[in-house]
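Taken straight from Swiss-Prot:
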- GLY39, PRO40, SER41, GLY42, VAL43, GLY44, LYS45, GLY46: ATP binding site (BINDING)
- 1-24: compositional bias 'Polar residues' (COMPBIAS)
- 32-210: domain 'Guanylate kinase-like' (DOMAIN)
- 1-32: region 'Disordered' (REGION)
Amino acid sequence: MRRSLSMPTSPTPVSSECTQQQGSLPAPTPRGRLVVLTGPSGVGKGTLVNQLRQRHPELYLSVSVTTRPPRPSEQEGVNYYFRSREEFLNLIEANELLEWAQYAGNFYGTPREIVFQKLNQGQDVLLEIELAGARQVRQQYPDAIRIFLCPPSLEELERRIRERGQDSEASIERRLEQARKELDAQDEFDYVIVNDNLEQALQELEALLYPPSPSSKEQQP
């Protein structure tokens, strides 16, 4: 059953592609919470996560392993762990990945050991991953909190992808086709947030993961 966030601000208009759901989560437990954030390429997952971690640096963002070549601004162990295809396949064979998927000709995966180490230490862990990986996590860790980040419309998503200026026309078409499939899968997630406005989406995500305590509410004027 999907839920979404109850916000004191006026709700964001929801496109025909997404159905925003509302609700809230229990507070952190002695064992950390595993949070899975998924959404189409270009929807703004990375920007939203960076903003959230600026406010909550205690939230551990899992660093993925990939066979994709590093971009000029990317650092080993910060943005990704960059590995050869052979090394990645060895990680799969050794069952060292919590999830893995192939996207645009490259492999991506989540190291298993560090995720469960952080969870056992009581730290919340965030996975920013694709749909195929989110489905694998659901099978292996059914208690994971699954959040789908949705664009206000496919037209707006296309505009954002084109604005980045990183993709060929063929690549843009592939990304949009994949986005349509991912939007069809939003019912698989516990919560849906529409990223029409970054600040509002951030407030909604923050309210979901870090709801104010009853005592703090009582202290408000």
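Using the three backbone atoms N, Cα and C, a Cβ is placed for every residue, glycine included.
Model, not experiment: these values are computed from the prediction.
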Additional residues surrounding ATP, by Cβ distance to the GLY39, PRO40, SER41, GLY42, VAL43, GLY44, LYS45, GLY46 centre under 8 Å: LEU149, PRO151, LEU157, ASN195
Which of SER41, GLY42, VAL43, GLY44, GLY46, the listed binding-site residues, has fewest other Cβ atoms within 10 Å: GLY46
Average pLDDT across the domain 'Guanylate kinase-like' (32-210), rounded to a whole number: 94
